[in-house]
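Visitor: Have a look at this one.
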Amino acid sequence: MTEVQARIQEILEILTNFKLLAKGKSRQSYLDELVNCISRFYGYNEFLARKILQIFSPAEAIQYIDAQEQQRPMTIRTNTLKTHRRELAQALINRGVNLDPLGSWTKVGLVIHRSDVPIGATPEYLAGHYMLQSASSFTPVIALDPKENETILDMCCAPGGKTAYIAALMKKTGVIVANDVNKERLKAHVANMHRMGIDNCVVTCEDGRKFPQIRTGFDRVLLDAPCTGTGVVSRDPSVKAKRTEADLRLCAHTQKELLLAAIDCANAGSSSGGIIVYSTCSVLVEENEAVVDYALQKRQVRIVPTGLDFGSNGLTKFQQYHFHPSVSNCKRYYPHTHNMDGFFVCKFVKISNQKSIKSNDEDSESQSQKSIKEKKSNENDKKKDKGNDTKKVKRKRSVKIEDEKPNTENSEEQYNSNINEEQSISNSNEEESNSDKQEKGKQITTIKKQHTKPKEKKAKKSQKRRKTE
């Protein structure tokens, strides 16, 4: 045991009996030292080491990390389209393979303890009698529970283990649409479909987030979403050092988009289905419970029991997060407790094909927006009414000017201004008929006569006064 490993054990003892062995330090200082020791001894970066310590207690976190340092047992799945598990087991035993049934929860799995021949090159493998598949990847298909003569979508299908399992449970009836965005990975998927004897599968290469634009109405949808891979460190040790907070945020965002698209692809009116299964090979809450809780808020779905009788329940509380109580129906799998890769499985039932759910806040916002629009429309109506009133006042003034007789010496100037106003009015109304224009002309001539008569009378009176003087 190295010094770092010994120090890890000392810290664990102090944290378990903190009141007696604290030695004047705070609990957080010991946790920071433990993170440093994990990074030095196991090779985890600080971000991922802290995340693991947030999910597990310090002692269980070290158990989890130690379990990830060991390889998981090799497991295979029997292809029931071509053979039975007992026949396959006997054939492999005759070839020098030491194996056992995987567990009581599956009737098609076998665990390989030792083999004198390469498991991926036996005649039985080449004939499509079994598939190399991790035990944890059995669980989402069991939760999906496909039925015969259904249409099922495997949204992220490569390399094809889950698709082949679905086809075996459907007994090659119905239709499976197997989609993946990676064209290179689909090559292995197509090869596996041919080897396993599956002929009811349609393979597509599309972005799963855009699949609702291509086709919807599936009875069941399986989404094994791309993730950070924190549950399969034993298969990919590079995850320990390369995964960062930016990777986690990007994966969580993509998973939310994919899950909403998967829900939109399912048919709530299906007589036998309307089921969506979401799974990841990650143990981080941000990629699992947080994602399914987000889907509950955005779509009309509910979480139901997965049908798996083993595994840890989903977390309903985690640090600042408080998830829906039904999230406890999800299942978590850990290498140190179930001897499987870290995995997460959640099963949804779609209630309605309506996409969004309007919350009370959204309703209040929409009502406030409507009231604002009504206020604006009322203000515009008031402005229009004011404008109409001003026009009416101007028209009344113009009529009064026509009716009144000029009694002052500035009558000629008023007359000219009235003429100019009438001319501008006549020019602005281009749609008036010619008859209306002629009538206006007559009115103008009468006004001229009215203005000229008092001028002549005044001139005659002034002449008489001069003569009398």
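Note that Cβ sites are derived from N, Cα and C of the backbone, with glycine treated the same way.
According to TrEMBL:
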ACT_SITE  CYS281  active site, nucleophile
BINDING   CYS156, CYS157, ALA158, PRO159, GLY160, GLY161, LYS162, ASP180, ASP207, ASP224  S-adenosyl-L-methionine binding site
COMPBIAS  371-391  compositional bias 'Basic and acidic residues'
COMPBIAS  416-428  compositional bias 'Low complexity'
COMPBIAS  448-469  compositional bias 'Basic residues'
DOMAIN    64-351  domain 'SAM-dependent MTase RsmB/NOP-type'
REGION    357-469  region 'Disordered'
Visitor: Using a 10 Å cut-off on CB atoms, tell me which of the binding-site residues CYS156, ASP207 is the least crowded.
Guide: ASP207
Visitor: Just report the maximum Cα pair distance in Å for the recorded S-adenosyl-L-methionine binders CYS156, CYS157, ALA158, PRO159, GLY160, GLY161, LYS162, ASP180, ASP207, ASP224, no decimals.
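Guide: Taking every pair of listed residues, the largest Cα separation comes to 20 Å.
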Visitor: In Å, rounded, how far does the Cα of LYS162 (S-adenosyl-L-methionine binding site) sit from the Cα of the residue listed as 'active site, nucleophile'?
Guide: 14
Visitor: What is the interatomic distance between the Cα atoms of ASP207 (S-adenosyl-L-methionine binding site) and CYS281 (active site, nucleophile), given in whole Å?
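Guide: About 20 Å separates the two Cα atoms.
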Visitor: Please report the Cα separation of GLY160 (S-adenosyl-L-methionine binding site) and CYS281 (active site, nucleophile) in Å, rounded to an integer.
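Guide: On Cα coordinates alone, these residues lie 16 Å apart.
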Visitor: In whole Å, how far is CYS281 (active site, nucleophile) from CYS156 (S-adenosyl-L-methionine binding site) when you measure between their Cα atoms?
Guide: 13
